[in-house]
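Listed features, source Swiss-Prot:
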| type | residues | note |
| --- | --- | --- |
| BINDING | Gly48, Gly49, His50, Asp67, Leu101, Asp115, Gln122 | S-adenosyl-L-methionine binding site |
Amino acid sequence: MNEQPKPTSERHVPVLRDRCINLLAPGFDAARQQGKAPIVIDATLGMGGHSEAMLQRFPDLHLIGIDRDEEALALAGERLAPFSARTDLVHAVYDEIPEVLADLGVTEISGILMDLGVSSLQLDERERGFAYSFDAPLDMRMDTSRGQTAADVVNTYNEEELVRIIRKWGEEKFAGRIANRIVAARGEKPFTTTGELVEQIRSVVPAGAAKSGGHPAKRTFQALRIEVNEELDVLERAVPAAVDALAMGGRIVVMSYHSLEDKIVKSVLQGRSKSSAPLGFPVELEEHKPELKILTKGTEVPTAVEIAENPRAASARLRAAERIRARRAA
C-alpha cells in the first residue's frame, strides 16, 4: 500500500536552517554576557521550522513568532506547543515589529530572522492561488482575512497599471503583451482562477522564452503576489525597524528569493554599516560611526545537498549583520 503524502509541515525543510542558527547564536551569547535571557524574533514564522530548531538548541531562548497568515500561525503553534512557555506567537505583518514589541513590553532583541517570500504552505495549499502549476481561485493573499485578491487586481487595474506592476515587480519583459491580453480577456469574462490567467499568459509569451525564463506565468504571478501583499513596501519598513530593535551584539539574518527583495535588504544593511559623518568632516563622532557590521561576504547560497533536500531553496540568498553601536538618534 502506498503511504499517504505527509502534511506540508512534516515535509517542510527549513531553508539554510543550520547556517541561520549559527549566525544568530553569537547574538544570544551577547545577551547572556549582559545578564539577560536572549530574545529572538522569527518575523516570518511560517510553519515554525527555524523556530523549532532554535528553541531545541537554546533552552533559555524566548521566541517571538510573527506571521500574517493565520493558518500558518495555527500550524506553527501546534509544532511549537512543547515550548509554549518560551514563545509568543503574534498575528501581524512583520513591518509591525515596533508595535509587537511594545505590546509585549520588550525593549530590545538579541536576534531576528526573516525568511521572505511565499511559504511552502502557501504554495502547497491549492485554494490559496499562489501556484501557477494547478488551477485554483485567484487569491494570493498571505492574510486571507483582509485586502484585495489577485483577481481584484487583474479585473480592475487599467492596462497601464498592469504593465507597471508586471514589469516592476515581475521584471517581465513581455509585460505589455500580457497586460493587453488580460484587459481584452476580462472584457469577455472576469478572471476567477489561476488556470484562466495562465492560459491567457501562455497565449502571448513566446514559447522560446520558457527555455531561459522558466514557466511563462512565473514572473506575472510574482508581480501579482507582491502587489496583493504589498511585499516590498512592507520589507522597506521592516528591515530598518528590525535593525533598530537589535541590542548591542544582536544579529539580523535575512533570506530573500529574488533580486528586488535582496536589493532592499542590501541597501539597508550596507547603509547602516557605513559612517554617517558628513563628507570632509574632520572627526568621526560616536553618532556617526557605523551601527552594523556585515557578517556575510555578498550573499550566501544553499549547498547542492540543501537544494536536493528542498528544491525551493535554490533561489535563496542570505545576508546577515551584527549591531556594533547603539541606534542612531532620530
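Cβ from N, Cα, C; glycine included.
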Counting other Cβ atoms within 10 Å, pick out the least crowded of the binding-site residues Asp67, Asp115.
Asp115
Using the structure shown, find which entry in Gly48, Gly49 (the binding-site residues) has the sparsest Cβ neighbourhood within 10 Å.
Gly49
Comparing the binding-site residues His50, Leu101, Gln122, which residue's C-beta has the most other C-beta atoms within 10 angstroms in this structure?
His50
Three-state secondary structure, which DSSP defines for Leu101 (S-adenosyl-L-methionine binding site):
helix
Can you tell me whether DSSP puts Gly49 (S-adenosyl-L-methionine binding site) in helix, strand or coil?
helix
